[in-house]
Amino acid sequence: MPIAGLTGGLSWAALIVIVPLVGALLTGLWPRAGGWVALVVALLTLGTTLGGALHVWWQGPEIHALGGWEAPLGIALVLDGLAAFMLLLTSVVGLFVTLYALGYVGRQERSGRFWVLWLWLWAAMNALYLSGDVFNLYVTLELVVLASVALVALASGGPALVASMRYLLLSLLGSLAYLMGVALLYGAYGALDLITLAEQVTPGHLLMMVAALMTVGLMAKTALFPLHGWLAPGHGSAPAAASPILSALVVKVSFYLMLRLWLTLFPDLATPALGVLMGGLGGAAVIWGGIMAMAADRLKPFVAYSTVAQVGYLALFFPFMLAVPGGWRAVVFFAAAHACAKATVFMAAGTLQRAAGHDRMSELADVMRGRPISSFAMGIAGAGLVGLPFTGGFIAKWLLVETAIAGDVWPWAVVVVVGGLLAGAYVFRLLGPAFLAGRGSPGRPIAGIMEWSTLGMALVSIALGFAGAASLQLLDATVTGPGGL
Amino acid sequence: MEPGGFLLVIILMTSLVPGLVIFFLREQQFALRTFFNLGGAGLKLALIISLLVGVYRDGKTYSFTLNLLPGIDLVLAADALSLLFATLSAVLWLVTTIYAIGYLEHSPKRSRFFGFFSLCVSATVGIAFSGNLVTMLIFYEILTLATWPLVVHRGTPDSFRAGRIYLAYTLIGGAVLLAAVVWLTVLAGSQDFTAGGYLRDLYPEHEWALPLLFVMFVVGFGVKAALLPLHSWLPRAMVAPAPVSALLHAVAVVKAGAFGIVRVMNDVYGIQLAADMGMTLPLMGLAILTVLYGSVRALFTQDLKRRLAFSTVSQVSYIIIGVALAGPVGAVGGLVHLVHQGVMKITLFFCAGNFAETLGIHRIEEMRGVGRRMPWTMAAFTLGGLGMIGAPPMAGFITKWYLGMGALEVGQGWVIGVLLVSSLLNAAYFLPPILAGWFGRPQHHWSQDRFRDGLLETHWMLLLPTLAVAAMALGMGLLASLSISPLYWVTFIVEFEYGYEHIWRAVFEEVDP
């Protein structure tokens, strides 16, 4: 594994963090140009993450010591398959959300704040994906949380404020639990670097304590059942341009961290009983979220409950990690498929809400008929959530079911199939009204770019349906612990 | 990949691309929409004919492969069986498109209708050309997705109820199918369809998994094939506009299910293995029950379209019976019915649509004396009905003849009794409307009376397609021994599956093998 200093010039990893960070500073200084800065940043970030991913693809994982100090002293940036995949996902979704936000935020009085927060959040997420030590991961995680809480609070009004406070408190509790885990690790092994730790940790009570603290903390941030209570009000009341970021990307960040820790530090702790427990919670989330979505009467909480359900599948990485070598890759691919579909649905929901002036599902039919582009995009994304071909969702569902059957843990296959049916039921509840008889009305005027960026995002979820093999190959280049799975 | 493989992709695109373009056309762009519709349908038919010539005369094979996941490919391939289904779909799509343009004249949301209609046809042709189970599953699910908007097209509470039931059945069927395909892929890898099947070597090792999987496949495909007890979505789906009922519910959707079962029997398990597992007899029993149940229900239904729908439930299971007989002659009877039933049933649905659009006739008793007002449509209805009964020289007679011969060949003579009972039932529910139509006393007033002053008895875009498919149904029976007949082509297919030279002698005694 090559350990490169800064002497070779700034590598992709550093650029990936620096570009959005500089963007955030520029928008802070110059709020009126926020949109244009964000667009340039989005394009550049997509370019640099593509460069980073290609680098991993051709030359394997890279560990980059920031400041020239090597671990355990320096700060390590790890660019491997898993990180590159998540970065790429973030920049693709990020680009379309930025385009959408150009239309949505427009020249509102507070638009500058949105751009600063969004680019700041983007930089923090990128830094988190690249961090290679547990303390750095904590810092970046806190940055992500603060930026996302502020994004929720941008929506004016009481409910948004209450929701963002609840989100903040739960997230802080989660961070605290995680931080205690970090402290225990440092006390026992005197190291923070993931790879160094992975070589030293031995299974025992201490490590189990650490694993429990960190996992529960991250579960709360991922909104994994039963710690999901904050998600629906938070994502439901956030501004339309922020909801897709939160639901598609931010919950995946803490999931990524959980996965990373289990792959490197705790693989020896994974037991079948733990797999059943975590998978069971995931299954409960799938059912509960589905039922709540069926019962929701407003569009955005409806979509948020669908996220609660779909996050449940992420928990399947516990049983899969044990069952099949590399079984976790199915879950990561699912996370990507969900991100694309969910971003689309939230973007379309925001458009419909603005056009209709409300988001009561029973009264949206006219606007849905009057805005065929958004409805069409929502249809594609809905197919992705159900797992119908040719979307990334289909490939993801295939991989999940295949992993469950190949690993001889077929009850999880049943969970995935039944969850897909439940998703079918609520997605068609969402789309059905668009086919009611009568004329549609486009409602209030909407910037065209909002609709077209939504359609573009939907087309990405179709493209993902053809990127299964490449994604898995990229994910193969992931740095795992000595007992790597 | 074979050099001609892209031809298959282009054939898929001839309906997919027009479909997507049509979505974004405005309602008033009638000419452009019609151009895309008919252009796509005509081009597809021309390309499939060139494919037929290539496969049959020049012995070429066509296949296209796209890697989806490690070890799992999207495979399009043209073999004799896929061409049978693809040709049927392409011919009937062209006819139905003309019919639908006439039928939906002046009705709202035509762009949406034709968009989804084209997507459905793409999915059907995709199923026909699927070269392995994964590909078939993909197009099968797309068919579900693309048909639902057509079922609810009218946007009334009734159509929404039908749409919900349709979705519930087909999504659950699709989920079962997904589980079965994934499971089989884990056991055997993702293999291409192979005449005679590819699972024989696995049977001793997985002697309970393979039969269970077979049942799952029958359930998954049986939902769309409307096998008992998974049939009840079909009669309800009749709230859809007539062209949808005609093409989709008489041909594309139910045939996709039946075609899937045929593929699984012939090219995944192989008839021999299916028989060894003890699966063919129960499947045949289920199909026979479905045949009889559908006929009895049709007999007691007074709504014309619903009666036709129950008749479809009944007739599609003939295909299953033929394949489940596990002998070459029976297979000929079953497969040829895939085409025959499609053409005859689309004739009947077109007629029902003509009656409803012209005179507002929806129920059997309203048909009294309609033969005087609409003799041409009534004649087509008569041909279709007689064909369903199995009266010579209609296409349906050919089917029943070979099913009976096939039953004798494998020593299951009792099946002939079932065929007889079913034919009697068919007669009992098709003869009354035919007799009433020709000889009944006409009502004083139809509930509506359109196109009275025209040269033809109804709109020409409704009448001509009806007459064309009726003529096809007659021609397939009369000219069955010609080398362009479906019967000849099916014999060609069955030869591959069974490897029997003598199949030609059994079917065409005068033809030199």
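Just so it is clear, glycine is given a Cβ too, placed from its N, Cα and C backbone atoms.
Sequence-remote contacts of a segment are chain residues at least 6 beyond its ends whose Cβ falls under 8 Å from one of its Cβ atoms, and for the domain 'NADH-Ubiquinone oxidoreductase (complex I) chain 5 N-terminal' (A:73-114) they are 11-14, 16-17, 27-28, 31-32, 34-35, 38-39, 41-43, 45-46, 49-50, 52-53, 55-57, 61-67, 122, 125-126, 129-133, 136, 150-151, 154, 193-195, 239-242, 244-245, 248-249, 252, 256, 259-260, 263, 332, 335-336, 339-340, 343, 347, 350, 354, 446-450, 452-454, 456-457, 460, 471, 474-479. Sequence annotations record features per position, and here TrEMBL assigns domain 'NADH-Ubiquinone oxidoreductase (complex I) chain 5 N-terminal' to A:73-114.
According to TrEMBL, the domain 'NADH:quinone oxidoreductase/Mrp antiporter transmembrane' annotation covers A:131-421.
The annotation transmembrane segment is assigned in TrEMBL to A:12-30 (among others).
According to TrEMBL, the transmembrane segment annotation covers A:78-102 (among others).
Annotation source TrEMBL lists transmembrane segment at A:114-131 (among others).
What TrEMBL lists as transmembrane segment is A:167-186 (among others). Counting same-chain residues at least six beyond the ends of the transmembrane segment (A:167-186), those with a Cβ under 8 angstroms from any Cβ of the stretch are 134-135, 138, 141-142, 145, 148-149, 152, 192, 197, 201, 206, 209-211, 213-214, 216-221, 227, 229-230, 234, 254.
Note on the transmembrane segment (A:206-227): residues 141, 145, 170-171, 173-178, 180-182, 184-185, 188, 251, 253-255, 257-258, 261-262, 265-266, 269, 281-282, 284-285, 288-289, 307-308, 311-312, 314-315 of its chain, located 6 or more positions outside it, place their CB under 8 angstroms from a CB of the stretch. Annotation comment: TrEMBL describes A:206-227 (among others) as transmembrane segment.
Here TrEMBL flags A:239-263 (among others) as transmembrane segment.
Feature annotation from TrEMBL assigns transmembrane segment to A:269-290 (among others).
TrEMBL lists A:302-324 (among others) with the feature transmembrane segment.
The transmembrane segment feature in TrEMBL is assigned to A:330-352 (among others).
The transmembrane segment annotation in TrEMBL covers A:373-400 (among others).
Sequence-remote contacts of a segment are chain residues at least 6 beyond its ends whose Cβ falls under 8 Å from one of its Cβ atoms, and for the transmembrane segment (A:412-431) they are 279, 282-283, 286-287, 290-291, 293-294, 299, 302, 306, 309-310, 312-313, 316, 319-320, 361, 375, 378-379, 382-383, 385-387, 397, 400-401, 404-405. Taken from TrEMBL, the feature transmembrane segment covers A:412-431 (among others).
Look at TrEMBL and you will find A:452-475 (among others) tagged as transmembrane segment.
For the domain 'NADH-Ubiquinone oxidoreductase (complex I) chain 5 N-terminal' (A:73-114), the number of residues in each DSSP class (helix H, G, I; strand E, B; coil) is 29 helix, 5 strand, 8 coil.
When Cβ-Cβ distances under 8 Å to the transmembrane segment (A:239-263) are tallied for each of A:269-290, A:302-324, A:330-352, A:373-400, the top count falls to A:330-352. Here the listed stretches are A:269-290, A:302-324, A:452-475, and the one with the most C-beta pairs under 8 angstroms to the transmembrane segment (A:330-352) is A:452-475. Cβ atoms under 8 Å from those of the transmembrane segment (A:269-290) belong to residues 203, 207-208, 211, 224-226, 228, 262, 305-316, 318-319, 321-323, 409, 412, 415, 418-419, 422-423, 425-426 of the same chain, restricted to positions at least 6 beyond its ends. On the 0 to 100 pLDDT scale, the model's mean across the domain 'NADH-Ubiquinone oxidoreductase (complex I) chain 5 N-terminal' (A:73-114) is 86.
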